[in-house]
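Features of the protein shown, as given by TrEMBL:
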type	residues	note
DOMAIN	2-130	domain 'Formamidopyrimidine-DNA glycosylase catalytic'
DOMAIN	253-287	domain 'FPG-type'
Amino acid sequence: MPELPEVETIARGLHGSLCDRTVAGVRVLWPGSVHDGDASGRDMKSQPVRLQALVPGATVVGARRRAKLLLLDLISPEDHENRELTLAFHLKMTGRVVHEVCRDVQTHDRVRFLLRDNTVLTFADVRKFGYVRLFLPGELEQWKFWRNLGPEPLETGAELLAQSVAHRKARIKGLLLDQTVVAGVGNIYADESLFRAGIRPDAKACDVPPHRLAALFRHLQDVLLQAIAENGSSIRDYVNADGDAGAFQNSFNVYGKKGQCCPRCRAELVCCTVAGRTSTFCPCCQK
C-alpha cells in the first residue's frame, strides 16, 4: 500500500505538472471506484454522477497530501455555484495516479480525467480497493475518515508524538499503524523506523522508556524524509506521477527480509504478527 512518502511524492509531482490545467471531461470506467457521502460524512460507493457533472470545466490549482490521501484542489468556472472543489484519492493497496499523454484505455484504468491540453490524469487500480471522492466546500471537514485522522508525523514534534503513546498498553507497531494516532505510516516505514530505534515491534508502548519513544519518532521522521527524497518505495505497483518507480526499497534494512542477515549484527531477521501485519525485525538489535 502506498504510504506517506509515496503519496507525498505523487502530490509534489502533480502540483508541478497539473496546476493551471483544465479538466475537459471525466470518464468513469469502474463506478465502484467513485465514492460520495451523505450528511453524516459516511462513504457511499458507485456514485459517479456528481463527479462527472461538476469536475469538467474546473481548473487544478494545487495538489497536496493528508495522511495517505492524495488531494487535488480545483476551481470551477465563475458561473458554477460551488467554485472550490477537492478530489481525494485513496490508493489503498494497488492504486496509481499518473499524469500522461492521452493513450488507449488499459485493463486496470478506473477513472480518467481528460484535460484540455490533450493529456490525461489516470486513476488505475488492479484490486479495485482504492477510490476517488469529490468534496464541495465544507464537506471534507465533515468526512468521518478525515475527522478521525491523527497528527502528521512530519509536522509534529517527536517528543509530543512520544507523549501521546507513552501510557498506552498497545504494541508500539500497532500504534504506529493506527491512523488516529499518527497519520500516513504503514508497514514499511513502521518496520524500518523500529529497526533504527532498536525497538521490537511487539513491545508495549508503556514499557518503552520515554527517551526511546522520542528517539523512535525522530527515526520515523528521518526514514520518511529519506524515502520522500528517494521518490518512495516500489515493491510491486507503486509509481510516481510520471509513471516512474521509487528507489527507497534499495535502502530497506529489514522490511520483507525475513531469514536474511541483520545489517548491523548479522543475526537472522525474524517475523512476528502485530495488529494483523507481518513485522520483520532483528531479535538481537531490537529489544
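The backbone N, Cα and C atoms fix where each Cβ goes, and this holds for glycine too.
In TrEMBL, annotation is done automatically, which means it is predicted and not curated.
Looking just at the domain 'Formamidopyrimidine-DNA glycosylase catalytic' (2-130), the mean pLDDT is 93. Outside the domain 'FPG-type' (253-287), and at least 6 residues removed from its termini, the chain residues within Cβ reach (under 8 Å) are 171, 173-174, 177-178, 187-188, 190-192, 194-196, 198-203, 235. Shown for the domain 'Formamidopyrimidine-DNA glycosylase catalytic' (2-130): DSSP residue counts in helix, strand and coil, namely 24 helix, 56 strand, 49 coil.
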